[in-house]
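Trainee: Next up is a structure, given as structure tokens.
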Amino acid sequence: MKLCISALSVVLVLLFVSAAPQLAAKNVNKPRATVVRAADLLSFDHYLKTCPQAEGIIQQKTGDWIQKDFTLAASIIRLHFHDCAVRGCDASILLNHQGSERRAFASRTLRGFQVIDDIKAELERQCPKIVSCADILTSAARDATIIAGGPFWQVPFGRKDGRISISREADSVPQGHENVTALIEFFQVRGLNMLDLVTLSGAHTIGRSSCSSFKNRLSNFNGTRKPDPSLNSMYLNNFLKKKCQKDLDLIYLDAITPKTFDTQFYSNLHKKLGLLSTDQLLKSDVRTGPFVAALASQPSLFESQFAVSMVKLGNVQVLTRPNEGEIRVNCNFVNA
């Protein structure tokens, strides 16, 4: 009998799991102190009095750049993920010095830095020393999603910029070769769950990957002297082997609708068209497979959940307290 799991049931299970600790807490009579999380200090009106035009400037500049080069939409979203994945959303990925995250091997294909620099320069002209690079990158990722055809969500502001950026820490970000357990653990450490993992992977609906990230699947997969059996043979022989001549050659992650923000990425996984092994494994793993099926069949669910998961991503380990971080004048360098 074929097992069918509806999107509604998946959501209900997650709601139950997330509510369980709260239900258990009601049975404990001992009063508990209220803990204010760093993300709770973010607000939608953070720049209302100090730089009310901030969001508009970010949106306009982001749109101008993507209009010239559509591939920057995915690049900005990816840059935001790489930032939040290491030390939280503190713009540490933007720091450009010897030994920084930006100089790491894992960051070699990151793009979009010039977009953030352009936005920052304009904001410094209009609102000097007010808007953080971390807030700029978080908001630009939202605007890039919208321009690409994805959902809108409100971005809370108030992040500060970090002063530390270490190359070896950036190399811990998933590179397309990990197993699902490693991916789940990577996300959980950052306060993100399996649904967030599968949903945020959906950003690959408009992204590209360098051939170095999946060339191990094309031949001699895991030492077998054969291609990865989970990779569609026609896709492999008629397209990938011809297009991947060099490690840094770029291939769209969504082979069918690479310039449309949609759920085709998930449908592709059912046809063995996942470019990265990490993407294809999301479909075959019993823990994440039901989420793939749900998101593939219900575009509205994907869009609404993508917005929720992006908000959660943007709140990871943010610096918001008085003794934390700074507002950089130049996103590439810490303040003197």
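Heads up, the Cβ atoms here are built off N, Cα and C, so glycines get one too.
The annotation active site, proton acceptor is assigned in TrEMBL to H82. What TrEMBL records for D83, V86, G88, D90, S92, E101 is Ca(2+) 1 binding site. Annotation source TrEMBL lists substrate binding site at P174. Taken from TrEMBL, the feature heme b binding site covers H204. Residues annotated as Ca(2+) 2 binding site in TrEMBL: T205, D254, T257, D262. Summarising the annotation, TrEMBL assigns disulfide bond to C51-C127, C84-C89, C133-C331, C211-C244. According to TrEMBL, the domain 'Plant heme peroxidase family profile' annotation covers 41-335. Under the heading signal peptide, TrEMBL lists 1-19. The site 'Transition state stabilizer' annotation in TrEMBL covers R78.
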Trainee: Could you check which of the recorded positions (C89, P174, T257) sits closest to the residue listed as 'heme b binding site', going Cα to Cα?
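Mentor: Going through C89, P174, T257 one by one, the closest to the residue listed as 'heme b binding site' is T257.
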Trainee: So of all those recorded positions, T205, D254, C331, which one's Cα sits nearest to V86 (Ca(2+) 1 binding site)?
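Mentor: Smallest Cα separation from V86 (Ca(2+) 1 binding site) among T205, D254, C331: C331.
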Trainee: Quick check: of the recorded positions listed here (C51, D83, D90, C127), which one has the Cα closest to that of D262 (Ca(2+) 2 binding site)?
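Mentor: When the Cα distances are compared, D83 comes out closest.
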Trainee: Counting other Cβ atoms within 10 Å of each residue's Cβ, which of the binding-site residues S92, T257 comes out lowest?
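Mentor: Taking S92, T257 as the binding-site residues, the minimal 10 Å Cβ count falls on T257.
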Trainee: Reported as an integer number of Å, what is the Cα distance between C127 (disulfide bond) and C133 (disulfide bond)?
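Mentor: Taking the Cα atoms only, C127 (disulfide bond) lies 13 Å from C133 (disulfide bond).
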Trainee: Within 10 Å of C331 (disulfide bond) (Cα to Cα), which of the binding-site residues D83, G88, S92, T205 do you find?
Mentor: S92
Trainee: In the structure shown, which of the binding-site residues D83, D90, E101, D254, D262 has the fewest other Cβ atoms within 10 Å?
Mentor: D262
Trainee: Express the distance between the Cα positions of S92 (Ca(2+) 1 binding site) and C84 (disulfide bond) as a whole number of Å.
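Mentor: About 9 Å separate the Cα atoms of these two residues.
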Trainee: Please give me the CB contact count at 10 A for C211 (disulfide bond), counting all chains in the structure.
Mentor: 18
Trainee: Please average pLDDT over the domain 'Plant heme peroxidase family profile' (41-335) for the predicted structure.
Mentor: 97
Trainee: Around the Ca(2+) 1 site formed by D83, V86, G88, D90, S92, E101, list the extra residues of the same chain whose Cβ is within 8 Å of the site's Cβ centroid.
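Mentor: My list of surrounding residues reads H82, C84, A85, R87, C89, A91, I93, G162, S165.
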Trainee: Could you say which of the binding-site residues G88, P174 has its Cβ with the most other Cβ atoms inside 10 Å?
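Mentor: Answer by Cβ density within 10 Å: G88.
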Trainee: Filter the recorded positions C51, G88, C89, E101, C133, T257 down to those whose C-alpha lies within 10 angstroms of the C-alpha of the residue listed as 'active site, proton acceptor'; answer none if the list is empty.
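Mentor: Near the residue listed as 'active site, proton acceptor', where near means Cα within 10 Å, the recorded positions are G88, C89, E101.
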Trainee: I need the most crowded of these recorded positions: R78, H82, H204. Count other C-beta atoms within 10 angstroms of each C-beta and give me the top one.
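Mentor: The largest 10 Å Cβ neighbour count belongs to H204.
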